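Inspection log for the structure reproduced underneath, given as structure tokens.
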Amino acid sequence: MALALEAARSWAASVLPPELAAAAGGDPLAALAATAAALVAGVVILAVWFRSGGGAPPKAAAPPPRPPPVKIEADADADDGRKRVTVFFGTQTGTAEGFAKAMAEEARARYEKAVFKVVDLDDYAAEDEEYEEKLRKETIVLLFLATYGDGEPTDNAARFYKWFTEGKEKEVWLKDLKYAVFGLGNRQYEHFNKVAKVVDELLEEQGGKRLVPVGLGDDDQCIEDDFTAWKEQVWPELDQLLRDEDDTTGASTPYTAAIPEYRIVFIDKSDVSFQDKSWSLANGSGVIDIHHPVRSNVAVRKELHKPASDRSCIHLEFDISGTGLVYETGDHVGVYSENAIETVEQAEKLLDLSPDTFFSVHADAEDGSPRKGGGSLAPPFPSPCTLRTALLRYADLLNSPKKAALVALAAHASDLAEAERLRFLASPAGKDEYSQWVVASQRSLLEVMAAFPSAKPPLGVFFAAVAPRLQPRYYSISSSPKMAPSRIHVTCALVYGPTPTGRIHQGVCSTWMKNAIPSEYSEECSWAPIYVRQSNFKLPADPTTPIIMIGPGTGLAPFRGFLQERLALKQSGVELGNSVLFFGCRNRNMDYIYEDELQNFIQEGALSELIVAFSREGPAKEYVQHKMTEKATEIWNIVSQGGYIYVCGDAKGMARDVHRALHTIVQEQGSLDSSKTESYVKSLQMDGRYLRDVW
């Protein structure tokens, strides 16, 4: 009954005109009308509720929800004299969104007379034409922008970034705008924080006034410290813009962020009105994306390495028939996998809770009002569910905890010494020790919790502030819809090895794939929510254009899709251009994956030349960049005649070495000086003829 009334209140509030809600504090007759309307709404919703079975959830549960479009208060855009700040975020894993919300929450405490609104860039404008109209009205903006992949924007920032960087010349049209940009990236990658840097520069070029230098958050170290340092630069600038001379709000009292916490409602599992949320093939939405994935069964799983190998590489096929999911050759698939059961059991012991604990998760208070610290809450995962389900599918348990998680653990540690130690590790004074003991040692969240056994956060805190949401893992699709229209193929190397603490780290998704049960062996097969992320890693529109593909190890994945595509075109009578594949592995008797298929592509004419580097066969290690040097003349002939170059694989090592080799080939074969060589290679990238799918 309580849940039904809560649903009635929520529904009534959403349909009543704003005047009625406001009338409760004004005209008694209007207040009576509002009350009557709410009661009628409640009766209607209660009738529907009980007729439908007492609130039992539908058979097909909703997938992980997308954050709703930004709700702006009725007076947020009114000209009431208050100064306004818009805080944008472009996020892939939720970190940028978390920083944006934390910044806004602290800013509201510091500047009570100002209005702050946090906006998902994807929700800012329904159509591209609206971007300019809306931006012209902004006066102060803060942007939190993550760089993803090979210098690309995140999914939710891609449309804005494309419009802002590729649109018509706008000249000086943002002269009334003041802005600050914080980037999130990893210094190990070539295009470190490219998106933030580009947006920061373009905003200035188009008339905006930069408040502070662009923040360069580095996830390879402690990105939270980078955010804190940048934030401390921003406050004095905002003080000048938002604080009156007589305004001392927040100036003397240090701000302490509230620890985010979901509202948890424990449910008697015997209540048949509630069922554990389950998945169906369709996701109930017309959209399939990171927030609306679809369930896909594992159809095929097989080991690609030979028995002599001490490593593992898995070929997996997802069955997408009946899901509405489509893909193109070269796209990526995002996979929401499960934690290993051993990992989950350890978490259950540390939380001291039964795996059958049944509960629902809510981001608001019982009366529907925002929770304390709720401004930084992510939308809750689907519930009700058991603790076992929540830990399996939604909790990131193996990454190193952020400092905010240590603060939350400290708040719920019964041992004072443990609480003090946790707070120290999260403090500026403990920066070096946190860097060594947590980050460099690759201590997982569960390892840290085991080291502080008195820290027992309630479930609402654990899922909101301690364990981040388990993120999808991305894989280059290794098939073509021309050959496999109802399947998505994945080629995945098993992540397995010791950490500095001696723990054997097993990759969450690769381990799940290694142990997956395919439908060809059992009706009780493994499955995962998946979605397709579009990529610009595509074959030339003209199939006669020559191509060079460079992909050692699992970097072969998208090129297997390319070659399937070319084979299908060949079989349909289409003329193909020259194609060369540089592949690398350790030993032909261990890890030469898809060897038979590659030979068949050559025999059928889909592949012109296959060049393989074996790094562990001869006296000297040989890699793909060495083979490129041997084929320098051939590579230059293809490139100089309009050919395309594709690279897939490790960004930190292989892709850098290949880039250097290409630079040398262009310089020597083209007889160019260093400056002209750099310009030539950059023009290949700008023209879309030098494409990289790297991680």
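Any Cβ shown, glycine's included, is placed from N, Cα and C.
As recorded in Swiss-Prot, the features of this protein are as follows:
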- 91-96, 146-149, 184-193, ASP219: FMN binding site (BINDING)
- ARG311, THR554, SER615, ARG616, LYS621, GLU622, TYR623, VAL624, GLN625, ASP657: NADP(+) binding site (BINDING)
- ARG473, TYR474, TYR475, SER476, THR491, CYS492, ALA493, GLY507, VAL508, CYS509, SER510, TRP695: FAD binding site (BINDING)
- 85-235: domain 'Flavodoxin-like' (DOMAIN)
- 291-540: domain 'FAD-binding FR-type' (DOMAIN)
- 1-29: topological domain 'Lumenal' (TOPO_DOM)
- 51-695: topological domain 'Cytoplasmic' (TOPO_DOM)
- 30-50: transmembrane segment (TRANSMEM)
VAL508 (FAD binding site): secondary structure state under DSSP, collapsed to three categories: helix
Per-residue Cβ crowding (10 Å cut-off), top of binding-site residues PHE192, TYR475: TYR475
Diameter of the NADP(+) binding set by C-alpha atoms, the set being ARG311, THR554, SER615, ARG616, LYS621, GLU622, TYR623, VAL624, GLN625, ASP657, in angstrom: 24
By Cα-Cα distance, the member of binding-site residues THR491, ALA493, SER510, GLN625 nearest TYR189 (FMN binding site): GLN625
GLN625 (NADP(+) binding site) - helix vs strand vs coil (DSSP): helix
Nearest recorded site to VAL508 (FAD binding site) by CA-CA distance, among binding-site residues ALA146, PHE192, GLN625: ALA146
Neighbouring C-beta atoms (10 Å sphere around the C-beta of ARG473 (FAD binding site)): 20
